[in-house]
Amino acid sequence: MTIESGRIRIFDTTLRDGEQSPGATMNLQEKIRLARQLETLGVDIMEAGFPASSQGDFEAVQAIARAVKGVEVAGLCRAMPADIDRAWEAVKVAENPRIHTFLATSPVHMQYKLRKEPDQVVEMAVAAVRHAAKYTSNVEFSAEDASRSNPDFLVRVFEAVINAGATTINVPDTVGYAQPEEFGRLIRYVIENTPNSHKAVFSVHCHNDLGMGVANTLAALKAGARQAEVTISGIGERAGNASLEEIVMALHTRRDFYQLDCGVVTEQLFPTCRLLSMIIGQPIPPNKAIVGANAFAHESGIHQDGMLKNRETYEIMTPESIGKTKTDLVIGKHSGRNAVKNKLDELGYRLEEAQLVTVFEAVKKLADKKKQIYDEDIEALVLEEVYRLPDLYRLVNLSVQCSDTGMPPTAAVVMDVMGEVKRAAGFGVGPIDAVFNVIGEIVGRAPVLERYSVTAITGGTDAQGEVTVRLRQNGSSAVGRGSDPDIILASARAYVNALNRLAKKEEEQEKEGI
C-alpha cells in the first residue's frame, strides 16, 4: 500500500486494549465522549472494541462507529468466521470501517493455546483474512506474540495474508518481551523479506511489561513500520501499552532524528489525557512524561535560573504545545446559560438541550459553594450529571456529625432506591466509613472497598475534591467517582456511583449468561 514515506498512522486502542486496564471500565456515553475527543485529537484509526466479546461491547462499537467522522473505526476479532461477521456488523456503519483480526504465531502459543501446527496456523490466518476481505478492503492482520515468533515464519504468514487481502500487517510485542534494538531488527527483517510487503502498511503494538513500550515502538518506526498502535496515557492490560502522547511528542520534538510525522493535534494531548483520567477515575501521575503535573516544573535553583534566562535551557517542548495552558476562570456566580454553553462547546461537549439545562443548574449550584469555576470543574460536572448510568440508587440527602469527645462519627442518609425513598443512620470509625456503612445498609449491599482516593480538581481551599472508589462484590468490580467541595459528600456520591456501576455490570452479566 502506498503511503507517504514519512507519515505515521496513529492507531488508538484506548477504547479496546486500554479499557482492559483494571478499573478503567467505561459506560457507553463515556466511550462516545472519549471517541469524539480522539476524533478531535486527530488519530487516524480508533479501535472501538471487541464486538464478539459481549452484546454490550457490540453496541458500544456500533454506537462509536456511527458517532465519529473522518477517522477509521476498527473492530477486533479472532480469526474465526463468527467473530469476523460480528465485527463487521458493528463497524459497517462507520465512514471508514476496518476489520482487525488476529492469530497467535509464536511456538508457545501455537503449541499450548491453539494446539495447531504451523501449517494449520497459516491456513487459519489466510481463511480469516479472506473472509474479512469479503466485507471490506480495509483488513488488518495481527500476529499475536510476534516478538517471540520465528522471523521466517512471520514472513511466511505475512506474505500469505497480504495475498489474501490484508492491507495492514501488525507485529505486536504482546507480552512486552522485546528490546528496542532487537525489535527494530525484527521489523526491518520482516519488511525486507516479505516479498509483497509493499502492498501493506506495517504496524506495531507494544506492551510495557519491561517498560519498553515506547522505546520499542519508536525503534520499529525508525526501522520502517508506519503505523503505531497506542493508548492514551499508556493504559492497558497488565503494565499497559505504548503511550500515545509520548510517541507523538517524541516524533514531534525529535523530527530531526526520526524524519517522521503524524496528524495528531499536539495541543489536544493534555486535554485528552485529562478527560480520560476523569472518566476512569485514575489521576495522572505527577511524574508522567509529557502530561504529568511535574513535566514542566523546575525546582532546582540552577534549572530555575536557566529557565529565567532562556526557556530552551531546560525545556525541550512547551506546555502550550501539548495544550497545557494556565487554567483560566470560565464561569462565575452570575454567568448565564450562553456562557456555559459556549464553554461546553469549547471543551468539545455536544449536549442536547435537556442535558445543557441539567449541567447549567449544576454549575449554578456549584457557584454558590465556590467562588471560581474552571474548565476542570465543568468537565467533572458533565461527567457526573450527563454521562452517568441510569440510577438504581440515588443519594437524596446526607448529614454527618463528628466530635472530638470520643463519640464515633454518625451519618444519616436518605436515598432513592429504585423509586422508593429509604432512610437510615449509623456509626463508623470515621465520617466516610459511617457514610459508606449506612449507604450499604440502605441498598442491602456490603461490597469490599478496594481503593479510595481523593484529588483536588483545581487549586484553592474551596476547590472541588474528586473522589474515586473501587468496589468488589461477587467477583465483579466497579469504579465510581464523585466530586464536590465537601469531601464527605463527594465520597458518598462516588460510593453510590460505584454501586450503580456494580449493579449494571451484574445485570449485563446475567443477560450474557455469565
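Just so it is clear, glycine is given a Cβ too, placed from its N, Cα and C backbone atoms.
Here Swiss-Prot flags Asp17, His205, His207, Asn241 as Mn(2+) binding site. Sequence-distant neighbours of Asn241 (Mn(2+) binding site): residues of the same chain at least 6 apart with a C-beta under 8 Å from its C-beta are Thr13, Asp17, Gly18, His205, Cys206, His207, Asn208, Gly213, Glu229, Val230, Thr231, Gly234, Ile235.
Averaged across the domain 'Pyruvate carboxyltransferase' (8-270), pLDDT in this predicted model comes to 98. What Swiss-Prot records for 8-270 is domain 'Pyruvate carboxyltransferase', and it gives sequence analysis as the kind of evidence.
Residues or ranges marked as region 'Regulatory domain' by Swiss-Prot: 394-514. Assigned with DSSP, the residues of the region 'Regulatory domain' (394-514) fall into helix, strand and coil as follows: 39 helix, 51 strand, 31 coil.
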Item to check | CB-centroid shell, 8 A cutoff, Mn(2+) site Asp17, His205, His207, Asn241, site residues removed | outcome: Thr13, Pro172, Thr174, Cys206, Asn208, Gly213, Glu229, Val230, Thr231, Gly236, Glu237, Gly240, Ala242
Checklist entry - Counting other Cβ atoms within 10 Å of each Cβ, which of the binding-site residues His205, His207 scores lowest? => result His207
Next on the checklist: Using a 10 Å radius around its CB, how many other CB atoms surround Asp17 (Mn(2+) binding site)?
Outcome noted: 23
